[in-house]
Amino acid sequence: MSSTNSMSTFSSSKSTKSERSKDRRLRDEGTSSVVGTSGMSMEVVREVREDPPEELEESNWPAKGGYGWVAGDVHDQSSLFRWSRLLNSWLNCTPVISKGVSRGIVSLKRVNAIDRVCHGQEGATEKFFYMYMCHFSQLHVRLPLDDFTMDVLRALNVAPTQLHPSSWAYLQAFRILCQSLYLEPTPYAFLYFYDTRPRCPATWLSLISRPSISRLDAFSQSFKHFKDGYFKVIVKEGGKSHFLNADGSTKFPFSWTSNPSRYKDMGIEELSASDKEVVGMLWKFVDKLPTKGLVRVYNSVHPIIDIEGICLLLKLC
């Protein structure tokens, strides 16, 4: 063997050993796989050292107390978005703000290591609320929230993350359904079709379809992995008119509540004239309508065409 080949073999062997040593060192320092709402890997964290020291140090902070009224699987669940680079990576490929709206109305921030989705505003210098990434990636919610959505949250007395994502799907589908019928969606016309059963200790609130009158089928998409994907939406000066009333109060609960509203067999006589108009129109349809198909319109390249298609479908029902 020539000296050149010998040196090459030695160099290659040395390089391989060096890489193996490096890989072992990285494993010792920590590696983790991040799983998104779809169950697929979003990003692999190969070097914990890449994260800012202040983010790493937060793990040593004491947990916040005073949340015994919240179920354990809620207040024990940390977020993937305690790491700023994960949040920034996700935001680069997911729209959050409505088209034509200034991005400066809110600031989207990571949570710290001890923040939990049920935590309140204690210690905050600016008003904020939490949102899940599935709200935007799967349900196509956009900020600022529209009046109908905020009114529903207020009627239910829940924060955005306190309403289960599958129930958000009903809300989104109802909006587009009303739009296709040239109706103004109202919170009580929507809630007329559902019951709620708040639990103690508090957990995610689900809307329960009333079998005899429900007009939307169950949302078939799974939300198994939504719980660890929350981040902060901080209201900035330019966004106060969207989220706050003139007196500075919030237009919907920003934080989890211990007493969500209970609805059971709401009677038609409890509705206003405008509510009855919406309900009466939906009563005309015998078959249940596809919740998933309606939600998909929000992400359509040609939403007007899709809405016209829904109108045609409704006429055929």
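These residue numbers are counts, starting from 1, taken along the chain as shown.
Positions of Cβ are set from backbone N, Cα and C atoms, glycine also.
Some features that TrEMBL has for this protein:
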- 1-15: compositional bias 'Low complexity' (COMPBIAS)
- 1-44: region 'Disordered' (REGION)
- 16-30: compositional bias 'Basic and acidic residues' (COMPBIAS)
- 31-43: compositional bias 'Low complexity' (COMPBIAS)
- 135-197: domain 'Transposase (putative) gypsy type' (DOMAIN)
Quick one: DSSP breakdown of the domain 'Transposase (putative) gypsy type' (135-197) into helix, strand and coil?
37 helix, 5 strand, 21 coil
Would you report the average pLDDT that the model assigns to the domain 'Transposase (putative) gypsy type' (135-197)?
96
